[in-house]
Amino acid sequence: MLVSELFSVTQIKFKDFYFYWYERGQEGSGIVTSDGKGAHHFRQHKGQGLVSTIFKDDDLQKLSGVVGLGHNRYSTAGGLDPNNTQPFVVHTRHGPLAVAHNGQLINAAELRTTVLDRGVGLSTHSDSELIIQILSLTPPRGEKRGPDWPARIRHLVEATPTAYSLALMFEDKIYGVRDPFGVRPLCIGKLVPIQDSNECENSNSPTKVLGWILSSESCSFQSIGATFYREVMPGEIIEISPKGIRTLDIVPRPKTTHHSKYICTDNDDNHSKSDIEDIPPAFCIFEYVYFARPDSKFEGQQVYAVRQRCGKQLAIEAFIEADVISSIPESATPAALGYALQSGIPFAEVLCKNRYVGRSFILPDTRSRQLAVAKKFGVITENLFGKRVILVDDSIVRGNTVGPIIKLLRNAGAKEVHLRIASPPIKYPCYMGINIPTMNELIANKTDLEKLAEFVGADTLIYLTIEGLVKAVQEGAKPTTKNSAIGHCTACLDSKYPCHVDLEW
């Protein structure tokens, strides 16, 4: 079963078990399956483009086995080279190994040098190949009886502190891991019989478990009759096997020297062991702002509710008199509704989205993004003609989208257009899995607010503050365990990265 093009869930039945890997992207997809223990070969099918164009019924029928791994590609490192399509497969002396990876290694250049110095050749520029090569190495303390995958994975996690979630497949097992800072999301779903799939997610009633799912987001679960079980904890290594699911290890966060105040306030390099363990995680705050689907859950709260709180906070910080509030659909709609609830100004749709056009932000180049905007929206003239419009968007990154949209509204008769952004200005590149590679691409670095409003054609433009965003996010957030803390990476907003690294901007 294949559902959705950008947020795809691939379900394949392998005898009595179901294994899933859910990923986000639209540039390429792949599935790898295996017969389990003793298998000398993997079956795989990969391609570039959307899921529906890559996988036909005949292709899926050939992917038989007892365990499987899939991936949809959103490129950060490695670009559009088809060789970078995942999952990656390598043949170790213990048998074939497959890896699917979400994120970007902050010390990839150092790791690449390490691998090359060992005489290992690399065939791609993808971070995922570095991961699979490091996992293929015998861990520092050696192995007594075959491959010690928990030790190998721990060695990888200690070698690169962030930012990734990944799954690896060996024989009849899948191992899942989230980096110690928890920058990129990873959650676990439980596949249950269809008649039980509508039960409360927190129900303790006994239910037959058909299988376990690893997913970047929980929004994938309901469409396949699964329920949300829990998030993988930062630094946690889990094992999924025919016997079920279990935690193998939890790797603590390393000592850091460069913190956001929303992550850790202690800048002393001489941490004690307990100080190091008390460093909070650094979950990517941009997941809440834009990247995640609104029906997904992180940190015990739904993304939709967080975005609505952002809109309410924005109305408190940046109120202006207007006749109607609207949004640039669809990710900004919850924030616009929150602004309307807080301000008392009615909400109405002024833009009609073409649902057959993919996300313009995650397209790989500027020209593709600009062409997508022209195809993406129509105007609902009756809702805005002669009116003062507050237009809410979730963010402005490169500035390629909002200017043409405001021009559409003015041409359709809007009297005024006031732009309100439900996140702070994005000023710094992300080196942790979102494609914002250079400061020069970010519109917030090119001009001040007044000139930026003029540039995009708005009467006024105001962003949500960093403090306002963090307040909206953390108001409903719950720690993954009783004794753990809550923390968020705001590096793209304030340049405070959770790990020290030599960055070239």
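Using the three backbone atoms N, Cα and C, a Cβ is placed for every residue, glycine included.
TrEMBL has this to say about the protein:
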DOMAIN    1-243  domain 'Glutamine amidotransferase type-2'
BINDING   Cys284, Cys430, Cys489, Cys492  [4Fe-4S] cluster binding site
BINDING   Ser331, Asp393, Asp394  Mg(2+) binding site
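Taking the features listed in TrEMBL, we show where each one sits on the structure.
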residue	record	contacts (Cβ under 8 Å, 6+ apart)
Cys284	[4Fe-4S] cluster binding site	Ala163, Val183, Arg184, Pro185, Phe291, Met432, Gly433, Ile434, His488, Cys489
Ser331	Mg(2+) binding site	Tyr290, Pro294, Arg307, Asp394
Asp393	Mg(2+) binding site	Ser327, Ile328, Ala332, Val402, Leu419, Arg420, Ile421, Ala422
When you measure from the Cβ of Asp394 (Mg(2+) binding site), how many other Cβ atoms are you left with inside 10 Å? 27
Which of Cys430, Cys489, Cys492 has the fewest nearby Cβ atoms, counting only those within 10 Å, among these binding-site residues? Cys430
Show, in sequence order, which residues other than Ser331, Asp393, Asp394 on the same chain lie with their Cβ within 8 Å of the centre of the Cβ atoms of the Mg(2+) site. Val289, Tyr290, Ser327, Ile328, Ala332, Ala335, Val392, Ser395, Ala422, Ser423
Given the model, what does the mean pLDDT over the domain 'Glutamine amidotransferase type-2' (1-243) come out as? 78
Once Cys284, Cys430, Cys489, Cys492 are set aside, which residues in the chain still have Cβ within 8 Å of the Cβ centroid of the [4Fe-4S] cluster site? Val183, Ile285, Phe286, Met432, Gly433, Ile434, Thr490, Ala491
